[in-house]
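Engineer: Starting off with a structure, shown below.
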Amino acid sequence: MKLLENKVAVVTGASRGIGEAIALKFAEQGANVAFTYLSSDEKAKALEAKLTALGVKAKAYKSNAAVYEETETLIADVLKEFGKIDICVNNAGISKDNLLLRLSPDQWDEVMDVNLKSVYNMTKQVIRPMMKAKTGSIINMSSVIGIMGNAGQSSYAASKAGIIGFTKSIAQELGSRNIRCNAVAPGFIETDMTSYLKDGEGASAYIQQIPLARFGTPEDIANVCLFLASDMSSYVTGQTISACGGLCM
Ligand code: NAI
């Protein structure tokens, strides 16, 4: 028995990295998947084909999660096409690292809009159909940096810490409607976002701080999301699960 049979999931920012791994994992477990991307039509089409080959319905939507009106249109289109939304993974995110002395207002705003406002935008859109259906699982991608902080990442850390507060509040607002809302806090995961860490001397210095002595893979994070999306986590809400090889404990 597949864990997400007949469920419909929306995943933002899924044309690569962690989002792509989540879309694939969910489809392997029987979910129909609507996913968003921003730039690469080619990558989006390729993922759509991979998901469809797993025997589920899948569709790519070009949609900027940071823009409220775009998420409004997106969710209306997904509901028309898929009929319902059981799971929403707010994965899209960016980092624009800079020491505060050099961090411009525009850089601050961009990170806040893409990382935090996007979570408000998407969650606001999906809760209505979830309330009607009296079921739903919302998963927000935070980061260990939102818990620990990091020099040079004040905007990123603030946005990811904001997600944790938002997650707890939504869990309290919507628990009685059987809608769960949790966050995942990955550590260092091997994707384009962290490619600059992988090589050279820097990499071993990072790995020394990680009890499991390796960077994580996108699949490590997708597995945690699968747990939170499925009924395996039916009594879990308002939590932030760190998946960081023990870096943050
Ligand atoms: P990535 O840079 O490889 O992928 C991010 C995806 O989000 C891309 O597909 C990109 O097109 C999309 N995206 C960016 N802005 C968007 C927007 N406004 N609307 C829609 N899509 C947008 O990054 P990665 O590593 O896969 O990260 C995914 C999430 O996990 C992010 O929220 C990130 O902050 C978080 N995370 C990643 C960690 C890592 O070590 N890679 C660690 C902790 C958290």
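Yeah, the Cβs are placed from backbone N, Cα and C, and that goes for glycine too.
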Engineer: According to TrEMBL, Gly13, Ala14, Ser15, Arg16, Tyr156, Ala157, Ala158, Ser159, Lys160, Ile189 bind NADP(+); identify which of Asn90, Asn91 is listed for that same site.
Structural biologist: Asn91
Engineer: According to DSSP, does Ile189 (NADP(+) binding site) fall in a helix, a strand, or coil?
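Structural biologist: The three-state answer is strand.
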Engineer: Taking ligand 1 as the reference and 6 angstroms as the Cβ limit (strictly under), which recorded positions among Ser15, Tyr156, Ala157, Ser159 are close?
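Structural biologist: Cβ under 6 Å from ligand 1: Ser15.
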Engineer: What's the most sparsely packed of the binding-site residues Ser15, Asn91, Ser159, counting other C-beta atoms within 10 A?
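Structural biologist: Comparing Cβ neighbour counts within 10 Å for the binding-site residues Ser15, Asn91, Ser159 gives Ser15.
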